Each structure stands twice: as C-alpha cells, then as structure tokens.
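Novice: Below you'll find the structure I mean.
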Amino acid sequence: MEEEADTGVSSRTERKALEKAKILQRERERKIFRLVGRVLKKPEADRSKEEAAVLLLHGETVEELCKRQVRTNVLKRKQEEVFDDADELKSKVRQLAVAVKQAKHLVVYTGAGISTAASIPDYRGPNGVWTQLQKGRTVSSSDLSKAEPTLTHMCVRMLHKEKLVQHVVSQNCDGLHLRSGLPRHALSELHGNMFIEVCTTCSPVREYVRLFDVTERTSLHRHGTCRRCSHCGSELRDTIVHFGERGTLEQPLNWKGAAEAAKMADVILCLGSSLKVLKKYACLWCMNRPASKRPKLYIVNLQWTPKDDLAKLKIHGKCDEVMSLLMEELNIQIPVYDRAEDPIFSLATPLRQEEVDSHTREVIAPLDGQEDFLPDSGEQAEEATAVQGGWFGRGYGKGRKKKKKAA
C-alpha cells in the first residue's frame, strides 16, 4: 500500500513538473518573440552587433514573424477602400451596360453597401459594424426604420420593371428592397426582414408585416418577439438569420427563388457586398460547372472580395454613383422613392389593442391622407433615443466567446 501511495505521489509530482516546464518554455518563447520583434522594427543600419546576432540565433522566429507581417499587410490591403478615377469608372460602367443589355437572365446580389446612403452602416467597411466590434467599440445608431430606399434600390426596382433584371438576392435585413416596390416573387431576403414577424405554429407559416423594427427583443437563437399570433395564440418570432444560424423559413428568405435564379443566370451583378458570406452558398455560384459555362460575374464594391479573381469586371465605386451612370447609359429614368406608394403600408398588419405597448421602436409614419393604413401602435416616445441598431452585432460577442472556449 505504501509503495502504491509513493507511486501516486511521484506520478503527480512528475505531471506538475512537466506542466511547469511547459509553462516556462512558453514564457521563454514569448520573450524571444518579443525580443526579435523589437529588433526587426529597427532599420537594419541601426541594429547593433548584439541585435544582429540575436536575429542569426533565432532564425525560425524571424521567419515566423516575417510571415505574420506579410499576412497582416495583405489583410490591411484587402480592407482598404479603392476608388476608380472618373474616366475609368465611366469606361467600366459602359462595359457593364453592354452586359446588362445582352444578358438573358440577369440576377443581382446585394449587400450592406447599397444601404449606406440611407445612413445604415455596412459590416466590413472602415466604419462597419464588424470592424467596430473587432476594435472593441460599441455599435449604436438611430432607429433604422427611419431609413428609406436609396437610389440603388430604386434603380434595381426599375431594371426589374424593364425586364433587365430577373431576380434580386439580398443579404440585407433592412426591408428597403421591399419598400422600393420590388415584387416579392422577384426577391430573396436570405437573412430576413426587420419588419416581418411570423407564426411558425400555423401551417402554412402565418406572416405579419409591421411598420416598425420587430427585432427589439431578439438576438442569436432568441427569436421570440413577445407578440402573439391572432389565430392560434403562439408567440411570434422574427425572420432574422444571425451569423452562425441556418435560415429555414420559406419567406421572406425565398431560398428556392434564389437557387432557381442562380441556376438560370448568365450574368450576376454584385452590388455593395464583401461576398465573404455569400461565397459560402454554393448554390448561388454554379461552381459545379466548367468555368466557361458559369454566369459572368460583375462586382461593384470599394473593397477586395474573395470573388474578384473570378469576375469579368470589378468596379471600384460607390453603388449610387455606379448605378446612376449605368441608368444613364441604358437611357432609363431613375424613379424617386415616394412614401405614398410604399408597399409596406398596404402589407402591414395593425397591432391589436393589447399589443400597443409591445415595442418602443419608431413607427414608419405615412404621409397625410394615408392614416388609414397606419396600425394603432400607441403614443411614440417624444424624443428619438439612440438604440442598438436592429439586428446589428447581435450574437457577435457570443460567437467569439464560444470560439475562444473551443480553442
């Protein structure tokens, strides 16, 4: 028994000694990395003989730090916004106009970049939501319901009306494509719509369009809005698909429409998207076909995208400016957004009396004479306060914590 006890103590002592040795080794490696890093930051001419000797002694560390610096520089270049000069921009837009005219089945993919003109932040731009969160900054903005369709939204709607665009696939949750007048059958909102809540207990799923942002109380894996279905009494849920979730709702996601459109497309126009998320949806890119039989890809974005090398043409310009030039080339007049014709007022379901105080978000106000379409949502707050911007950033921190724990 004494021998077994001695063996157990010895084993624990060895494990502790081994663990201590590993900790000390990691600390030595950190010190070497810090030392080599400081030396590398100096110009070669300013390094002492001792510092030069340090670099020679720790060649592997030097190589690793150089590789890291190269990766950092590449990442910085990818995050930079690039602008084509005026002449180059016009030349590229002329090429795009030819492609639009010749296309038999043109599909448009849109991202947050088409809504920045409506004061809705993008995600990966210099002031984007993910960019700010990665820097440890908070993200807040005025109520996103105040935003209205931009020039780009209206151009896309007009191109569809002129039968030059067959389908629009959007990553945006702001509902601005719908509000621009784009028919719902021609729209796939892959990540949901901030104005729509649904009852998934009813069959088929019952939809409620509201005149305010329904995502006030929702977040990653928590989609209940605290309002109830007027038919079955079940709690309603939002339609937002957060980062790390899989969207299963038929509408407004309309994955079927998106996949069918991509299958038939001969030209794909990407507007204001980094494509870092869209690239993962294989059904949108026809990558199972030979390169010569895939849709021709045209990209409008200020930053690098992972599809740039596959693009027929990459235009570095703001979406509104590019689309304005494109419509001029196509000789098509750009319609102006008219709130009186906003489809959301005719689609909206009024809140019931007991639901009047179920939210604090600002309601989209109709123009004078349209009050009959406005659901009675009670008195609004006298002052518009800063609020967490809808779905922005929700679940981002949770996702990062989970990754850290897994690591």
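Along the chain as shown, the residues are counted starting at 1.
Any Cβ shown, glycine's included, is placed from N, Cα and C.
Quick paste from TrEMBL:
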DOMAIN    86-333  domain 'Deacetylase sirtuin-type'
ACT_SITE  His191  active site, proton acceptor
BINDING   Cys199, Cys202, Cys229, Cys232  Zn(2+) binding site
REGION    372-407  region 'Disordered'
COMPBIAS  372-382  compositional bias 'Acidic residues'
COMPBIAS  397-407  compositional bias 'Basic residues'
Novice: Give me the long-range Cβ neighbours of His191 (active site, proton acceptor): same chain, 6+ apart, Cβ under 8 Å, in sequence order.
Specialist: Ser170, Gln171, Asn172, Cys173, Ile240, Val241, Gly247, Leu253
Novice: Just to confirm: which same-chain residues, 6+ apart in sequence, have a Cβ under 8 Å from the Cβ of Cys202 (Zn(2+) binding site)?
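Specialist: In sequence order, Cys229, His231, Cys232, Ser234 meet the Cβ cut-off.
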Novice: Let me make sure I understand the structure: which of the binding-site residues listed (Cys229, Cys232) has the fewest other Cβ atoms within 10 A of its Cβ?
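Specialist: Result for the binding-site residues Cys229, Cys232: minimum number of other Cβ atoms within 10 Å at Cys232.
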Novice: Show, in sequence order, which residues other than Cys199, Cys202, Cys229, Cys232 on the same chain lie with their Cβ within 8 Å of the centre of the Cβ atoms of the Zn(2+) site.
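Specialist: Filtered neighbour residues, in order: Thr200, Thr201, Arg206, Ser230, His231, Gly233, Ser234, Leu236.
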Novice: Are there any residues at least 6 positions away along the chain from Cys199 (Zn(2+) binding site) with a Cβ closer than 8 Å to its Cβ? List them or say none.
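Specialist: Non-local contacts for Cys199 (Zn(2+) binding site): Val205, Arg206, Tyr208, Cys229, His231, Cys232, Ser234, Leu236, Arg237.
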